[in-house]
Amino acid sequence: MNSTLLIEASAGTGKTFTMASLYLRLLLQAGENCFFKPLEVEQILVVTFTEAATQELRERIRHRIHLAKKQLTQYAENKNKQVFYGTENEILADLVDSLELPVAIQRLKIAEQNMDLAAIYTIHGFCRRMLVQYAFNSGIHFNLQLVKDETELLTRFSNELWREHFYNLSFSLTNFIHRNLKSPTDVLQKIRKFVTSENLNVELNEPHLLQLEFNRFLSQYIEKNINEIKQLKTAWIESENEIQRLIEKAKTQKLIKGASYKANHLPGRYEKIRQWAQDETDFSIPEPLSKYFSQSAVDSYLTKNEPVNHAVFKQADSAVERAQSTELYVKVILYHYIQWMRDKLDRYKASHQEKSFDDLLRLLKEAVVSPEHGNELVKLIRYQYPFAMIDEFQDTDAQQYQIFSKIYIESAQAETGFIMIGDPKQAIYQFRGADIFTYLKAAQQAKYHFTLGKNYRSEGNLIHAVNQLFNFSSAQPFLYENIEFSSVEPGKAQGRFILNEQQEAPLGVYLGEEPSDEQLAETCANCISQWLQLALRERAGIQTAEKFLPLEPKDIAVLVRNAKEAELIKNALQARQISSVYLSDKSNVFDCNEAKELLLILQACLNPFSERNIVNAIATAIFCLTGADIQHIKQHETDWEKWIDRFVGYQRSWRQQGVLAMLHQLFLAEQIPQKLINMPNGERRVTDLFHLAELLQEATTLNESDAALLRWFERQIRGENTQDENIIRLESEQQLVKIVTIHKSKGLEYNLVWLPFISAKAKVNPQHISTYYNAQAQAVQWDMDACHNDEVIKERLAEEMRLLYVALTRAKYHLAMALPDNFTKNWNALLYALTRGEIGTQAKLTDEYQTKPLLDDFAQRISPANIHYYQTDEIQGGGYQQKDNHAQYVAQEFHGKIERDWTISSFTSLTQMHEWNSQKGRHEAFSPIVTTESAVNFSLILDEAKDIDLTFLPKINEDKNNFSDIVTGYRQGYSPFDFPHGINVGTALHRFFEKNEFNQPIIDEYVKNLCQTIQLSEEWKQPLIQWIEAILTTPLFNGEPLNLAQLDKKDCIKEMQFYLKLEGRFKLHSFNRLLQKYHTIKREPYLFDEIQGMLRGFIDLVFRHESKYYVLDYKSNFLGKDMAFYARSQLTDVMKNHHYDLQYLLYTLAIHRYLKQRVTDYDYDSHFGGVIYCFLRGMNGRNPDYGIYSAKPARELIEGLDNLF
């Protein structure tokens, strides 16, 4: 295990079980070829690809650890290995003799206690953690904001680019763009995957097309061609009669084939061409023109060597050739669009903290391969995680592989281990960027290969059937020779599917004559209905070794490819009173009808005295009133007034208790759930209503009024947001047939599986951006010339085969599928398998195949008893009446006690507390200032007060003229001392320095925004730039020229957030004693109340210079109207009276702990440089004697605080 391993785990072979077993071995350092030392849960990195898989893996491992601890404890008492047999930890029976039991049990106890710290992450979670944890090495902002969905941002950019590049084009070009690209939304849909992917390798025989400036390309190629086609149209209109005579003459003289120019066909052809000539011009060429009236076409119909020529024919030849380039020109435009989008996105993200999932991968990959800090970062990650297991490795893309390869393969050492676990036969996520060829490349680099050979999921005959279907040597089962199929054996005895008291064959095939999708859905629903009706009489179910379990709806899964197929199945089941749930539903809850109707109800609640609003509300399907009911209400004044009163009450409730409480009250009073639940899709509708109510409540914090909340709701309904929180929630899964996409079903298992659409033809239509893997270049390339269509199609067909494998391996007991009597001349994955690869890899086939003979041949290989045929017209399904098994639940009462003195404190709250306690005896009216926590903390509240008390400062005797050489160049009234002061000003300045890169030119737009934020006139813009330049160029140390303008982005962390844990109750006397002994600023003891919990703070800037780390804080305090107030000699008292020394001690402690964990051989004296407080108004751009306060707390003080907190 001290090397690189590949474990290939076919479907159902116990991949998760194996990973948990390996995890146990690593904790215990047990077994043959074990890791060189025992590991803790924090040291074993486990990466998978979904949050659900992460949670499942964490719980499975936690369970195995708990069970192992219990079993080893029992074994230590009685030395009987029977305690392990028949359990998940049977492996311990072989390992226990090599274990030192007390030590092993202790390790497992610690591991169980620390499982919440276990390094089990999604790939994106791992990347984010590494980027933030090693921010200096990765060069990433410490407080990056993860954006789960960039749709809104990308849509905005696409709309902007459409306007910027296409609005000013000529009419003919605009028409061309509209016809071929349609809209910015359509373009984004085509290119989105490539905007955020790492590389876009283009294969094009004419690369100069991509190098041309865009407008030049449009004019030279597209507009020029359009003009030539216009000329052809004009020429045709002028010469049509002449051409007709020429053709008739040629026919008479038998110069051309008369059969190709029949008299009854020619008028229609001329009419089509004439109509085209009169229409708006684009790249289209009518078929009659290209097929009969181009020079090459006419030449092909000649019967003699005598030519039949016309200038228009030659023009048509040229136009046809140019029209064939339309597809290529559209691709060139898309290429430019991708580059524009990337550029916009890069510029946006350079000035914003938002990062997407794709950014996390890209940034960590760039960090680990960086020549400057990459090797150091790799060592740190490898030191933190000496062992890594990567689950679902077949779904890895090139960037992910580069990250792990750099950390664990290229830099492999005896002290590290790396396991890749996956199955290339289940690589089905190409649409997400997964790359099967990356897996195959990684497999070659593994030192050892292992295969899991037993299937513990499916019934034995079903396993045998899948083995026989894919195990053939006449062709490659999965189209590529490196993806082999290895048969698996049954791992354990499974139950059987019983139908009418007989064991049902594991495969059920329902044959019909060319069924439509609707008919296939009907067949599936009829079959399920029959099963469930038999189950009510206990004639259908699962027979296990222990008992017979009647079949229930929840035992059945229907696998589909998309939402359209799911809707067909759902409707067919609903027609038979069978409830189902679509587990792959990604619909937006704001798209449902309930959202639109709820908006009408809310409008009535907001304005209950509008007759129109109330009528609109009660007319919704939510209220379940008929037209007659509403007419009666309107005609009877008493009833109408009652409805007004009800909505007035809802309005009052909304204002007093919030929208969620009001809606719950409305639902209860109007009995909405009870009315809807018995209607079609009732549970779905009720779920959506409550989901919408919760989203509205959450949105109240973003909207200042109820009216604003409704405007927000309207925007969501219009589709302006696609966040995950808005995806519709599932109805209760209990007793429901599950409908799930094949993609979503991977890794899952179901008792019975139905595949109604498995015979559908493979969709391999060429796309504008078709990519394929270039084996020679070892890269995915865009086949812009369409010269590699065969490779493109082969890759898509290969994924179809992998999808088939996934679909066929989900069932435990029975697999049902619907097939046509004859497969059409279209490629299909199941047909490929049944013919053992005979049909090849062409999308269009030369022959049709009869299904029954193929199945009979397959039945001979698996035994005819294992497959049962049905004719679809024989399957009839009636209504199904589900048993009512709803249990009655009663909520328990809580009688415990909750401790309420644990809190999150801060520098702000500590200083407030001190001031309050200090003033208590002298100023009873004093009350603490209440503030909100933010990066711009307490200093902005106290320090920016307009009437700040400066009496603590000594009298300044120096003549102001002494400072005239320091503060120069500012217009009168526009110096830093004249700059406004206040809380908002301080906040704005902090935000400016957070956003602006120090070593880059000052961005004019940011300065403009700063002026607008604090409502400054245009005259302030230039003085403000001058001041900012002075701030950036002021030396930070005496005798050294370093200034902010010299700091590179990768050496800075801005607005670094930290938490300091308070162990038990804060020991104030120990804290004051430390300050008295080691702190250079002497003061009266601090007076804090007893607190426990966490201390939180934000550091304006942490930067690295010559291997030392510094804390820097900006202060925009107004201390006085000349430079004397900002002299270094005056700032010590400012620091003391504002408690800034307490602030920087907390900052220093936070950085001390941060560096201890992340810097190899960390030493406080060697690696920590000190703290710098920049009083911005005093920074002059020349020397650090004004506006700069610096200090370095004593090592003993910081280490003492480290022990105290």
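Even glycines carry a Cβ here, placed using N, Cα and C.
Predicted, not measured: the structure shown is a model, and the values here were computed from it.
Per TrEMBL, the candidate among D1004, D1113 that belongs to the Mg(2+) site alongside H990, D1100 is D1113. Most other Cβ atoms within 10 A: among the binding-site residues S10, T16, that distinction falls to S10.
In terms of local Cβ density within 10 Å, G12 ranks first among the binding-site residues G12, G14.
The Cβ neighbour count for A9 (ATP binding site), using a 10 Å radius and every protein chain shown, is 25. Nearest to T16 (ATP binding site) in space, judged by Cα atoms and limited to the binding-site residues H990, D1100, D1113, is D1100. DSSP classifies D1113 (Mg(2+) binding site) as strand under the three-state reduction.
Here S10 (ATP binding site) is compared against the binding-site residues H990, D1100, D1113, and the shortest C-alpha distance is to D1100. The binding-site residues recorded for this entry are H990, D1100, D1113, and the Cα of D1100 lies nearest to that of G14 (ATP binding site). Mean pLDDT across the region 'DNA-binding and helicase activity, interacts with RecC' (1-884) comes to 90 in this model.
Put simply, G12 (ATP binding site) is 57 Å from D1113 (Mg(2+) binding site) when counted between their Cα atoms. Each of T18, D423, L452, N455, Y456, R457 belongs to the same chain as A9, S10, A11, G12, T13, G14, K15, T16, is absent from that list, and has a C-beta within 8 angstroms of the C-beta centroid marking the ATP site.
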